[in-house]
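The following features are taken from TrEMBL:
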{"type": "TRANSMEM", "residues": "20-42", "note": "transmembrane segment"}
{"type": "DOMAIN", "residues": "92-154", "note": "domain 'Potassium channel'"}
{"type": "CARBOHYD", "residues": "Asn93", "note": "N-linked glycosylation site"}
{"type": "TRANSMEM", "residues": "133-155", "note": "transmembrane segment"}
{"type": "TRANSMEM", "residues": "176-201", "note": "transmembrane segment"}
{"type": "DOMAIN", "residues": "190-266", "note": "domain 'Potassium channel'"}
{"type": "TRANSMEM", "residues": "213-230", "note": "transmembrane segment"}
{"type": "TRANSMEM", "residues": "242-262", "note": "transmembrane segment"}
{"type": "REGION", "residues": "304-334", "note": "region 'Disordered'"}
{"type": "COMPBIAS", "residues": "319-334", "note": "compositional bias 'Polar residues'"}
Amino acid sequence: QSLAGSSCVRLVEQHRSAWCFALLVLGYLLYLVFGAVVFSSVELPYEDLLRQELGKLKQRFLEEHSCLSEQQLEQFLMRVLEASNYGVSVLSNASGNWNWDFTSSLFFASTVLSTTGYGHTVPLSDGGKAFCIIYSVIGIPFTLLFLTAVVQRIIVYVTRRPVLYFHIRWGFSKQVVAIIHAIVLGFITVSCFFLIPAAIFSVLEDDWNFLESFYFCFISLSTIGLGDYVPGEGYNQKFRELYKIGITCYLLLGLIAMLVVLETFCELHELKKFRKLFYVKKDKEEDQVHIMEHDQLSFSSISDQAASMKDDQKANEPFVTSQSPTSNDSSLNN
């Protein structure tokens with residue numbers, strides 16, 4: 001039994017990464033199922049009530065307007081819903097808001113490149129759809145490159161240098177300083193890009209409360225972009241163009257701040273150790289081959305450099321002449 005137990009422990013240790021990865025996959029699937037169960041149990045009753053309410057309204061409308069058939073009403077509603085999916089409303093209080101003026105188009109371009117994609121405004125024409133594909137194929141990698149470069153520069157001044165300063169100047173443990181710094185940075189980011197903007201949106205948007213505004217900030221900066229709440233679409237929105245530009249700047253800055261916080265937490269020593277549990281470990285033979293190839297390349301490059309330096313030295317010595325081997329032999333015989 002002791003031999004069997006030791007062999008099982010040895011087997012688990014040898015394939016520890018595979019077991020951890022299997023548990024990770026199982027945990028992720030269970031989390032998906034858990035979310036589906038909760039959403040279904042919470043939202044399904046509200047959907048049923050809404051369906052019943054709409055059915056009663058439709059039946060009452062047909063009874064009050066007997067000259068209108070149900071088929072005609074269905075066709076009208078289908079056309080209205082189709083236009084609403086493209087961001088065009090038939091309501092009189094929404095007729096003044098254009099979806100494709102410059103500021104709205106700028107806001108749409110920012111949501112496309114940041115992969116937020118609210119879906120409240122989509123291209124109508126075939127040319128617009130084709131351009132959106134080409135624009136996204138080029139723009140999304142360009143955006144990732146831009147965000148990576150910006151975050152890499154910001155994190156040096158925001159995370160690494162402050163942690164090293166407190167570690168070297170005050171002698172605190174680097175791990176403890178990094179954890180405290182990550183918590184403080186996360187709190188500042190939540191305050192500046194979630195709580196304060198949510199309070200501002202709850203004032204500027206007539207139909208939004210604080211929870212709905214905070215919900216919009218989270219859905220936007222996490223690039224989920226459900227599109228159920230979109231700012232600047234209200235009736236007679238004051239300074240709508242300037243408001244749209246401000247929201248575009250907020251989304252870009254907030255996305256950068258979120259990436260900085262995520263990178264700061266990913267650099268924590270504890271999280272690095274936790275992530276390594278699920279990675280595939282390299283074989284020692286592969287590491288040795290890699291080291292040997294690296295050493296061979298380095299030695300060959302050094303020898304090539306030495307040979308080229310000798311050739312340069314010979315070329316730079318015009319007064320030194322090389323003697324032929326016959327003259328050397330004659331001098332030795334003499």
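Each position is counted from 1, following the chain as shown.
Yeah, the Cβs are placed from backbone N, Cα and C, and that goes for glycine too.
Where the annotation comes from TrEMBL, it is an automatic prediction and has not been curated.
Counting residues 6+ beyond its ends, the transmembrane segment (213-230) has Cβ neighbours under 8 Å at 111, 114-120, 193-195, 197-202, 205, 251, 254-255, 257-258 in the same chain. If you take every residue in the domain 'Potassium channel' (190-266) and average the pLDDT, you get 90. Long-range Cβ contacts of the transmembrane segment (242-262) within its own chain (Cβ-Cβ under 8 Å, at least 6 residues beyond either end) map to 103-104, 106-107, 110-111, 114, 116, 147, 150-151, 154-155, 158-159, 182, 185-186, 189, 192-193, 197, 204, 217, 220-223, 231-232. Summarised by DSSP class, the composition of the domain 'Potassium channel' (190-266) is 54 helix, 0 strand, 23 coil. In terms of DSSP helix, strand and coil, the domain 'Potassium channel' (92-154) has 44 helix, 0 strand, 19 coil.
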